[in-house]
Amino acid sequence: MLNQIVKKSKLAPGVYEFYVENPIIAAKAQPGQFVVVIPSEKGERVPLTIADAFDGNIRMVVKVVGKSTADLALKREGETLYGVVGPLGKPSEIKYYGNVLLVGGGVGIAAILPIAKALKALGNKVYAVLGGRSKDQVILKDELEQYVDEILVTTDDGSFGIKGVVTDGMDLILRKQRIDIAWAIGPTIMMKFCSLKAREYGLKIVVSLNPIMVDGTGMCGACRVTINGQIKFACVDGPEFDGTQVDWDELLKRLQQYQEQEKLAFEKFKQKVGDLSWL
Amino acid sequence: MAVKPSPKKTPMRELEIEERIKSFSEVALGYTEDEALVEAMRCLQCPSKPCVKGCPVGIDIPGFISKIKEKKFDEAAKILKKYNNLPAICGRVCPQENQCEAFCTVGKIPGSEPVAIGRLERFVADWEAENLVLTQESGPKKGKKVAVIGSGPAGLTAAADLAKLGYDVIVFETLHKPGGVLVYGIPEFRLPKVIVEREVKYVESLSVKILLNTPVGKSVTVEEILKEFDAVFIGVGAGTPKFLNISGTNLNGVYSANEFLTRINLMKAYLFPEYDTPVRKGQNVIVVGGGNVALDAARSALRLGAKQVTVVYRRTEQEMPARREEYIHAVEEGIKFRWLTQPLRYIGDEKGNLVGVECISMELGEPDESGRRRPIPIEDSRFVIEADMVIEAIGTEANRFLLSEFKDLKLNKYGYIVVDEETCATSLRKVFAGGDIVTGAATVIEAMGAGKRAAYWIDKFLQKEYDPW
Ligand SMILES: Cc1cc2nc3c(=O)[nH]c(=O)nc-3n(C[C@H](O)[C@H](O)[C@H](O)COP(=O)(O)OP(=O)(O)OC[C@H]3O[C@@H](n4cnc5c(N)ncnc54)[C@H](O)[C@@H]3O)c2cc1C
Ligand SMILES: Cc1cc2nc3c(=O)[nH]c(=O)nc-3n(C[C@H](O)[C@H](O)[C@H](O)COP(=O)(O)OP(=O)(O)OC[C@H]3O[C@@H](n4cnc5c(N)ncnc54)[C@H](O)[C@@H]3O)c2cc1C
Ligand code: SF4
Ligand code: SF4
Ligand code: FES
Ligand SMILES: [Mg+2]
């Protein structure tokens with residue numbers, strides 16, 4: 001059935017993977033694209049990256065950060081999502097570059113998975129740095145190993161791989177290896193620092209921006225970001241942009257816009273469904 | 001009933017002002033049967049039907065009004081539906097004063113107002129909804145398929161007419177609700193969404209299939225559409241908001257009217273947190289612009305609880321394009337207007353929140369190409385208005401979302417689709433287009449008029465009686 005959750009699993013505390021039936025989107029999805037999911041009738045339009053697509057299903061990885069993502073995480077296999085729209089946004093530019101470095105942080109690791117797969121298929125040599133707060137947040141490493149020639153892991157607490165942040169991992173690779181292009185996908189603050197790091201090395205870097213969105217089709221302008229001094233709509237002009245041209249501080253502030261209301265909505269939700277720390 | 005007709009329109013009851021500004025309930029309450037009869041009596045049944053000329057879909061206006069006089073409301077409804085698939089909507093939001101009513105003979109009599117055609121149309125449509133189910137027979141099936149892209153008034157009208165002619169019609173809509181601007185733009189207090197739903201149900205009752213959450217160009221490609229359908233109608237609207245592009249545009253608290261209204265109407269943010277989508281509740285709100293969209297945004301901000309809402313417009317009351325009726329409503333509700341004022345820059349605090357708007361005063365110079373006097377900034381007249389929210393309602397432009405995937409389609413210099421004005425045929429074989437994506441932002445009834453013409457000519461094309469390619 002359309003938009004039915006056919007498989008759900010927990011990848012890490014607060015991080016869930018979903019396979020949702022939608023043959024129409026699955027047939028068209030390309031690396032770098034996203035869907036807008038409306039969990040239930042009164043729900044928000046939640047943008048989520050398409051981590052994979054095959055056999056009529058799309059795969060998404062969701063990190064619980066508030067009401068809507070918690071609502072999703074509580075859905076069970078067999079349940080149906082109210083709406084799924086996509087694939088939206090421009091696909092990643094996949095071609096033969098030579099040596100490519102992919103940096104993924106947190107759920108951003110799920111977003112680099114389809115890009116790694118597609119780049120590898122075209123014969124690129126793929127390096128990756130995966131980062132997380134601690135070991136359990138470094139998701140999908142085994143799966144990525146199939147498409148990546150060399151993987152470095154960094155954790156904030158040193159519980160896995162190198163103790164440090166992803167830019168430390170970037171340094172280690174960039175010092176010894178010529179890289180032709182990089183992708184960095186993860187929390188906004190991480191992508192900002194990855195872009196600064198890339199600039200140090202004169203490296204071209206692509207980032208996938210995640211501003212607050214509503215329609216996802218260029219109709220509202222909620223998702224506007226400043227790229228090289230110009231306003232762009234991330235949902236149609238992106239979500240991928242040259243990381244060295246992004247006005248990061250503006251984006252970081254825009255992401256805080258609804259913090260008060262978001263907190264209120266989450267608190268109210270928890271009152272209704274009970275404690276969610278187990279998620 | 002030998003009462004002498006009044007020179008004035010029969011007034012329509014409205015919600016009390018105190019009630020209005022606390023809720024999103026509909027402001028204008030419609031006519032009772034008696035009021036409708038009194039108003040219908042004002043119509044002279046002019047044999048030359050001048051009013052019909054002013055209606056983009058050519059409704060037989062004296063025809064339906066005479067049925068009201070006879071209290072045959074069901075027959076009045078039938079006449080309306082013959083010309084207009086969405087009468088309850090047009091009766092509410094048509095700029096009647098510039099259209100049908102502008103041509104009404106009664107309105108030409110000195111001291112007299114035209115017949116309230118729009119209000120009567122609304123009365124009949126609402127009566128119909130409560131009292132009968134119209135079964136509109138479709139013609140014999142023609143065995144041909146037509147794709148309609150976009151479910152705004154243009155698309156819905158084209159779809160309904162084509163279905164009545166016996167075609168298999170599929171409407172593709174990228175949003176999760178059908179209706180286009182009718183659901184995401186025009187607020188509940190002017191056009192209740194249950195009315196849009198009702199009119200959409202009628203269109204579906206003609207066996208039109210509406211596929212929601214289906215962005216053409218993305219989940220269905222243009223090539224697939226062209227291959228699978230015998231003809232295509234594009235009605236994707238104007239869509240993309242323009243910004244003044246002044247410093248501070250990306251501060252928190254600066255909205256496009258499209259975003260603000262979409263959050264409220266489509267996503268029901270005024271019912272947050274019952275609904276999940278938030279919207280800012282500004283205390284001091286500035287709205288930039290002078291059209292219907294600006295007034296809708298201003299009145300919505302007021303209903304969300306703003307202390308002060310000010311519309312700044314670079315021209316004056318005389319030039320403002322908004323409907324008079326809505327302007328009066330806005331003033332009654334306490335919206336302030338600052339004429340001859342243009343924002344220069346938005347001022348923010350260290351957290352990126354808007355705190356003020358620097359403006360400049362304008363004066364009117366010589367008429368420009370629109371025939372209206374051009375506003376010119378007055379030097380040394382800068383001043384700052386305190387504001388925690390700004391809504392820019394300065395217009396929209398062609399949405400590239402579909403068009404960027406529609407290679408070879410001829411566009412004009414503004415990015416709108418070039419069509420044959422009469423038939424709506426585009427430069428591409430079997431592709432027709434109409435509504436805002438052809439004209440730029442216009443009106444509901446003009447979009448419907450285009451949908452109707454396109455349906456007529458698509459039929460001719462599919463019958464092999466018309467082929468400009
Ligand atoms: C193109 C794109 C792809 C994304 N892909 C993924 C993904 O694969 N996995 C994943 O877990 N998350 C992804 N996100 C982020 C995800 O959309 C947000 O975490 C989610 O919307 C938060 O909703 P909430 O109600 O749970 O949290 P809230 O409490 O409402 O918000 C928490 C924070 O999330 C951000 N946010 C809130 N609403 C939105 C919105 N409508 N659009 C974007 N950001 C918002 C804000 O910064 C906010 O402070 C993506 C975002 C974008 C724009
Ligand atoms: C706030 C506001 C107030 C207004 N008030 C009035 C008024 O009082 N009176 C009046 O007459 N007019 C008014 N208008 C103008 C009127 O609403 C428009 O002229 C009319 O809706 C245009 O109709 P349309 O069918 O061309 O497009 P739209 O109504 O814009 O509908 C287009 C539809 O196409 C969909 N779409 C776009 N791209 C795709 C795609 N690739 N695939 C599938 N679907 C797609 C969109 O999501 C949308 O639903 C107002 C407009 C606004 C914004
Ligand atoms: S559709 Fe609009 S223009 Fe036509 S009669 Fe009705 S109100 Fe007048
Ligand atoms: S012009 Fe006015 S009075 Fe004459 S038929 Fe039309 S509505 Fe009636
Ligand atoms: S989300 Fe509305 S324009 Fe991008
Ligand atoms: Mg939320």
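Using the three backbone atoms N, Cα and C, a Cβ is placed for every residue, glycine included.
Automatic prediction, not curation, is the source of TrEMBL annotations.
Values in this document were obtained by computation on a predicted structure and should not be read as measured data.
Among A:CYS194, A:CYS235, only A:CYS235 appears in TrEMBL as part of the [2Fe-2S] cluster site alongside A:CYS220, A:CYS223.
Checking the binding-site residues A:CYS220, A:CYS223, A:CYS235 against chain B with a Cβ-Cβ cut-off under 8 Å leaves A:CYS220. Using a Cβ-Cβ cut-off under 8 Å and counting only residues 6 or more beyond its ends in the same chain, the transmembrane segment (A:96-116) has close neighbours at 15, 17, 30-32, 49-53, 60-63, 122-133, 137-141, 143-144, 147-148, 166, 169-170, 173-174, 177-187, 190, 194, 203, 208. Residues within less than 8 Å, Cβ to Cβ, of A:CYS223 ([2Fe-2S] cluster binding site) and separated from it by at least 6 positions along the same chain comprise A:PRO211, A:ILE212, A:MET213, A:VAL214, A:GLY216, A:PHE233, A:ALA234, A:CYS235. In the three-state DSSP reading, A:CYS223 ([2Fe-2S] cluster binding site) counts as coil.
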